[in-house]
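Reviewing the structure listed below.
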Amino acid sequence: MVMGSHLCSKLQALSSKIKQASVSGKWREVVSGYSEIQRAGVQFNDPFVFPIVFKACAKLSWLFQGRCIQASLLKRGFESFVSVGNSIADFYMKCGDLCSGLREFDCMNSRDSVSWNVIVFGLLDYGFEEEGLWWFSKLRVWGFEPNTSTLVLVIHACRSLWFDGEKIHGYVIRSGFCGISSVQNSILCMYADSDSLSARKLFDEMSERDVISWSVVIRSYVQSKEPVVGLKLFKEMVHEAKTEPDCVTVTSVLKACTVMEDIDVGRSVHGFSIRRGFDLADVFVCNSLIDMYSKGFDVDSAFRVFDETTCRNIVSWNSILAGFVHNQRYDEALEMFHLMVQEAVEVDEVTVVSLLRVCKFFEQPLPCKSIHGVIIRRGYESNEVALSSLIDAYTSCSLVDDAGTVLDSMTYKDVVSCSTMISGLAHAGRSDEAISIFCHMRDTPNAITVISLLNACSVSADLRTSKWAHGIAIRRSLAINDISVGTSIVDAYAKCGAIEMARRTFDQITEKNIISWTVIISAYAINGLPDKALALFDEMKQKGYTPNAVTYLAALSACNHGGLVKKGLMIFKSMVEEDHKPSLQHYSCIVDMLSRAGEIDTAVELIKNLPEDVKAGASAWGAILSGCRNRFKKLIITSEVVAEVLELEPLCSSGYLLASSTFAAEKSWEDVAMMRRLVKERKVRVVAGYSMVREGNLAKRFLAGDKLSQSDSELNDVVQSLHRCMKLDDTAGPIN
């Protein structure tokens, strides 16, 4: 009798210990306490302890131990208690064994509101939104009510599945849950994803707003491209409502600064976050700061934040890497990647995209192939952004066929990947293939796709295809409303020689910018109408448009092709006076203009006196060499220029061919032989020039020295006739 009393006291002590451990969250002690009871070998009949034990197993994810405890209870009939059955079902649902949880629910003789909430919550918590909402509807049919936690998840499921938010909102009001802060904030989140006006209306109606409410409505405005309103709300939150923001709020505000591209306001928010202690302690704030500074073209400040932060993750690394790429500091981007490797940071798809942009800039084929291997090994082949970036990098590295292989391997060819491939093929001069890809696209083309198509039309210089592309742009309402598309149409017509159609399209663009003006000026220049090009240049300035470096280059090209040396030098002088720093292209254009006019000595003098930060390229020296050939300058000057050209581009065939032609014009046959010998010794790959003519729907090439073309006597007669015409002007005199 004494023994029985002692054992009873011990069981009561263990029971109290289990309950106390659960209050303190010491779940291992709960399970070990229950194990002691089992080792005592006596029947334990306190049904209130079993739910605590199953809760502990769920917290620890101890599925096997929970099953064993359930088996012992099954023998003793404790599962008939609703509270015990609920705890077992909840244990299985939280351990991820949803089937066992549902089976336990089906086996329960009686169920209460908790039973239904356990099932609905478990399904929704594991992402089974549709199944969870189906069980939620059954719960209501049987007359039970959800608890707050379940209702919050139901609202989240409606938000994920884009169900009618107003219906669930109505249910919340009818059920009397609208006064609960967590439920109100969940409804607010649901509206914030799609309707900032409804979110603001609900926010204004809320009697009590906490930091979550403010953060959600601020984020809603930022996502809706209304960052200014979001910033105003942030000021109201801090100064008027006296609500202390948290890291989530600051992250949304920094995103607003990024969208606005207002780095000054961003710095103020950075200072605010420092005073609140958010800048280094929270990884989301740090990453938002890095992104804000990078996109605000202050990557040095972005790197300082990255360097000082104590809580980096892969997003931090990707943000600073993308920042260097965005600011075109590709060498530093590579250094960051090497640092990632040293720190053993695992790369992801975002890292791959940034690295491919670096490869695109350096035009390095081997790194592209290496990254392609990484994409395959890591299983990123389903990532459309990564594959589109790979296609873009391959085409930039002249690996168009490899890019085509990547496109063919994609199960779903989205509009971005197709647009990238079309642009790459156009850049490679393969316009027919580019147009073919456009015709086989399944998605509706966007403005970028149409621009890529128009670029292909520019390359083919086929007027009929350009008109067809123009028609597509009109049907998509892009020809007039989208300035980039309209400008591309102007360029396509100009390249086809249809200058009147180009001008008509230009006049139809409702809101012109400096790019559209530059394109139409260039259009007249390349079509042999320099006077009209320069008249447009003057008209543009009169209308208040400030020419940029490319506009000046178009005007200088017009002077160059028209032989207007004085006008060209005047434009160049005005460019310098207006604080536009001339680039190598501008100097090369002036050199070419002087060389064509026979002022070889002046051109050489200009090259030798270029600014320190501008180094003459092969194109500038090549222009002088071409001038030497046409003007039969002294062999000393020719030899000097040839040496410069071959030093700058020792493996480019055009320099050797031009030098050989120049020496031949001067009848220096020894030098001609030397050029041919150098080509063989240096293994220079000679790329044959070609002309294109459209026959039917195909563009055909005629290569220089093509024996098949020369065997066609009729075609050969036409070519010889054209050759004679090119050597004569209207007065039958030689062209200089």
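Cβ coordinates come from backbone N, Cα and C, glycine included.
Residues or ranges marked as region 'Type E motif' in Swiss-Prot: 620-696.
Annotation source Swiss-Prot lists region 'Type E(+) motif' at 697-727.
Annotation comment: Swiss-Prot describes 81-111 as repeat 'PPR 3'. If one looks beyond the repeat 'PPR 3' (81-111) by at least 6 residues along the same chain, the residues whose Cβ comes under 8 Å of a Cβ in the stretch are 47-48, 50-51, 54-55, 57-58, 61, 63, 66, 70, 73, 118-119, 121-123, 125-126, 128.
Per Swiss-Prot, the feature repeat 'PPR 4' maps to 112-146. Here the repeat 'PPR 4' (112-146) has long-range neighbours at 82-83, 85-86, 89-90, 92-94, 96, 98, 101-102, 105, 153-154, 156-158, 160-161, 163, 175, meaning same-chain residues at least 6 beyond its ends whose C-beta is under 8 angstroms from one of its own.
In the repeat 'PPR 5' (147-179), the DSSP tally of helix, strand and coil residues is 24 helix, 0 strand, 9 coil. Marked as repeat 'PPR 5' by Swiss-Prot: 147-179.
Across all of the repeat 'PPR 6' (180-209), the predicted model scores a mean pLDDT of 85. The repeat 'PPR 6' annotation in Swiss-Prot covers 180-209.
According to Swiss-Prot, the repeat 'PPR 7' annotation covers 210-240.
The repeat 'PPR 11' annotation in Swiss-Prot covers 348-382. Here the repeat 'PPR 11' (348-382) has Cβ contacts under 8 Å with residues 314-315, 317-318, 321-322, 325, 328, 330, 333-334, 337, 340, 389-390, 392-394, 396-399, 402, 406, 409 of the same chain, all six or more residues outside its ends.
When Cβ-Cβ distances below 8 Å are used as the criterion, the repeat 'PPR 12' (383-413) is approached by residues 349, 352-353, 356-357, 359-360, 363-365, 368-369, 371-372, 375, 420-421, 423-425, 427-428, 430, 437, 441-443 of the same chain, each at least six residues removed from its ends. What Swiss-Prot records for 383-413 is repeat 'PPR 12'.
The feature repeat 'PPR 14' is assigned by Swiss-Prot to 446-480. Applying DSSP to the repeat 'PPR 14' (446-480) sorts its residues as follows: 27 helix, 0 strand, 8 coil.
Secondary structure counts, DSSP: the repeat 'PPR 15' (482-512) has 23 helix, 0 strand, 8 coil. The repeat 'PPR 15' annotation in Swiss-Prot covers 482-512.
Within the chain carrying the repeat 'PPR 16' (513-547), a Cβ under 8 angstroms from the stretch's Cβ atoms is held by residues 483-484, 486-487, 490-491, 493-495, 497, 499, 502-503, 506, 554-555, 557-559, 561-562, 564, 567, 571, 575, 580, all 6 or more beyond its ends. Here Swiss-Prot flags 513-547 as repeat 'PPR 16'.
Marked as repeat 'PPR 17' by Swiss-Prot: 548-582.
As annotated by Swiss-Prot, repeat 'PPR 18' applies to 583-613.
When the repeat 'PPR 4' (112-146) is classified with DSSP, helix, strand and coil residues number 26 helix, 0 strand, 9 coil.
Applying DSSP to the repeat 'PPR 3' (81-111) sorts its residues as follows: 23 helix, 0 strand, 8 coil.
The DSSP breakdown of the repeat 'PPR 7' (210-240), given as helix, strand and coil counts, is 27 helix, 0 strand, 4 coil.
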